[in-house]
Ligand code: PMP
């Protein structure tokens, strides 16, 4: 094993890696950063199971599931085979005027798995015919699915005779993507609002939800909806877990409060399950913690097991009918790569793996391992909070993390993490075994106590 330069080093390693990293630095823009980046990214050569293999030969246990997506790990034989098999038939055809089996079957399977009144199919209490999310709009990425959800909500309200309902309401601390309308409902302090003030549409915000149920806060939610019912089309939230906005958890009963109040005022309820969907919180969808069915639900990230970019906005028949009836005539959206067959085929394979149910115990065991391993960090200097839910572990610091030093500390433990702000957190692939969970815990501890 060679010793690579530390992150931030300006001298690239010799040979092919050095050339690639030099080209990367010259031409490739990485997320949330300047061009060129302030530090050197780690060059990944391949990934298998829960391990990322770096070009310098090191192997890292992946604590990030590639931003919540790679729930079954890398190079999974079932997912690989689905992709190869589909590529032999067709990789892509346009979706306007054409359709195909991978998209049709995927949509039907999503409808079957999605939350529905009386329990979702995944909890074994499906009551077929109960109101659920019956219609699926496939699109390219999470942010685009949020855009589609907003378009659905605004179009539906307009069609129902409420053209004034054009704003969105949410609670603070959220994150819904990086395109403009999703940005407008991200946390106005922690998000990118200050950068874009005067550009983003002004939405309606209420305080971030407390962890525990608080009657006074619940009343605030209702009051917000009542006060703004003439101008908001929908309330949009991440159910149970606010992810990139701060990795905060809240009592699921708030979702019921939102459901009742939105229903009472004819406002639509959108759940962004892009991060929480497909088992991460211990339920297939976080909405199930509350037994609530939204009017519109966004999914993405883990939909394809992290293989390809694909997302979807699902909606009820009532929403679809409102948009489609009368003069409106349809939803004005249609991405070029809508329903991409490769992505749909691999998504179907991922859902098939989820349907075998092994994820339930895997997520529980990972959660137990994270809880046992991370709890001892509570009270350590610099540590403000430790929290675990489903297969997510979070160590919140009382200061902003030095991202590069913390990442390097985790890498030195053989673990891949991507801390941000005051958070060192992990959401491992569900197939992570106990020993690797213990290693991830060591990586989180090292990152959280660096410096
Ligand atoms: N909503 C939530 C809750 C997310 O976590 C993310 C991605 N971090 C998005 C939306 C945006 O998804 P994408 O990055 O695929 O556009």
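Even glycines carry a Cβ here, placed using N, Cα and C.
Sequence annotations record features per position, and here TrEMBL assigns substrate binding site to 67, 175, 301, 334, 418. Feature annotation from TrEMBL assigns pyridoxal 5'-phosphate binding site to 142, 143, 272, 335, 336. Sequence annotations record features per position, and here TrEMBL assigns N6-(pyridoxal phosphate)lysine to 301.
Structure with TrEMBL features highlighted.
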residue: 67; record: substrate binding site; contacts (Cβ under 8 Å, 6+ apart): 301, 418
residue: 142; record: pyridoxal 5'-phosphate binding site; contacts (Cβ under 8 Å, 6+ apart): 177, 272, 274, 298, 300, 301, 311
residue: 143; record: pyridoxal 5'-phosphate binding site; contacts (Cβ under 8 Å, 6+ apart): 176, 177, 178, 179, 182
residue: 334; record: substrate binding site; contacts (Cβ under 8 Å, 6+ apart): 95, 96
residue: 335; record: pyridoxal 5'-phosphate binding site; contacts (Cβ under 8 Å, 6+ apart): 139, 140, 144
residue: 336; record: pyridoxal 5'-phosphate binding site; contacts (Cβ under 8 Å, 6+ apart): 94
CB contacts for residue 175 (substrate binding site) [other CB atoms within 10 A, all chains]: 22
Among 301, 418 [binding-site residues], residue with fewest other Cβ within 10 Å: 418
Of 142, 334, 335, 336, 418, binding-site residues neighbouring ligand 1, Cβ under 6 A: 142
Secondary-structure category, per DSSP, in which residue 418 (substrate binding site) falls: coil
